[in-house]
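Structure, as structure tokens:
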Amino acid sequence: MIVTIDGVAASGKSSVASGVARALGVPYVSSGLLYRTATLLGLEAGLHLSDAASLLACLEKRPLRLEALAEGNRVWLGDRELTGDLHSSRVDQGVSVVAALPEVRAWVDAQLRALPEPFVAEGRDMGTNVFPHADAKFYLTASPRVRAERRAQERPEDVPAIEAALVERDRRDTVQSAPAPDARVIDTGPLTLDGVVGTVLAALPTRRA
Ligand SMILES: Nc1ncnc2c1ncn2[C@@H]1O[C@H](COP(=O)(O)OP(=O)(O)O)[C@@H](O)[C@H]1O
Ligand SMILES: Nc1ccn([C@H]2C[C@H](O)[C@@H](COP(=O)(O)OP(=O)(O)O)O2)c(=O)n1
């Protein structure tokens, strides 16, 4: 069984995917972390983030591993854990450029499609491009202000600055961020995290994984 959870930036995709995966007893996988990993490694290597060939060469020769646990995803480069470095503002600012590169999208998609079922996959295009035959599809939204207020709990910046950055990233990610026609759209604004997880679980075709 594959469940896809897509949505705009900071709409709650990872937290909801983790809650759903834990309830089902399956892993979840964060596709955004792979785009973030490509961005971080490109920045650390001093590459131009639009230089797809160099970026891909850099990714393919490194011992990268995505640990897709239900409790949270972790990314490793050999023995070095990258996870804590993947949500910095500089990665936030560069990631849309990297995510627009078809070569990088193909690299991410190949890794995702190699995963053994069952799992929950979250990102932007899980239900549209990567797993169009998923058993259940969801798309999370919330207003920019609500999302910025949530992110402000996790980041040192203030709400207006985070909100402006989110709106800009939404704009740059528009192409790959359309909901699948068969996705159930959930406005998470008026709901608690548990409320969103419960809404997803209640809408699954069966509770088996
Ligand atoms: N109703 C809600 N639905 C989803 N996330 C929520 C909700 N209320 C608060 N949050 C919080 O919003 C923050 C952003 O969620 P996250 O899962 O990181 O989003 P995304 O993966 O879409 O960037 C997290 O700290 C999460 O706990
Ligand atoms: N399937 C995906 C997942 C993420 N992306 C891009 C779009 C986002 O700007 C970045 C980071 O996504 P991530 O889900 O980690 O972060 P946000 O929820 O947007 O804060 O990657 C994508 O293009 N396709």
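Glycine too: its Cβ is placed from the backbone N, Cα and C atoms.
What TrEMBL says about this one:
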- 3-203: domain 'Cytidylate kinase' (DOMAIN)
- Gly7, Val8, Ala9, Ala10, Ser11, Gly12, Lys13, Ser14, Ser15: ATP binding site (BINDING)
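Residues distinguished by a CB atom under 6 angstroms from ligand 2 are absent from the binding-site residues Gly7, Ser11, Ser15.
Here Ala9 (ATP binding site) comes close to Arg147, Leu166, Arg169, Asp170, Asp173: these same-chain residues lie at least six apart in sequence, with C-beta atoms under 8 angstroms from its C-beta. For Lys13 (ATP binding site), the same-chain residues lying six or more positions away in sequence with a CB closer than 8 A to its CB are Ile5, Asp6, Gly7, Ser30, Gly32, Glu122, Gly123, Leu140. Around Ser11 (ATP binding site), the same-chain residues at least 6 positions away in sequence with a Cβ under 8 Å from its Cβ are Leu140, Thr141, Ala142, Arg147, Thr188. In the predicted model, the domain 'Cytidylate kinase' (3-203) has a mean pLDDT of 95. There are 25 other Cβ atoms within 10 Å of the Cβ belonging to Gly7 (ATP binding site). A coil conformation is recorded for Ser11 (ATP binding site) in the three-state DSSP classification, outside any helix or strand. Sequence-distant neighbours of Ser15 (ATP binding site) (same chain, 6+ residues apart, CB-CB distance under 8 A): Leu193.
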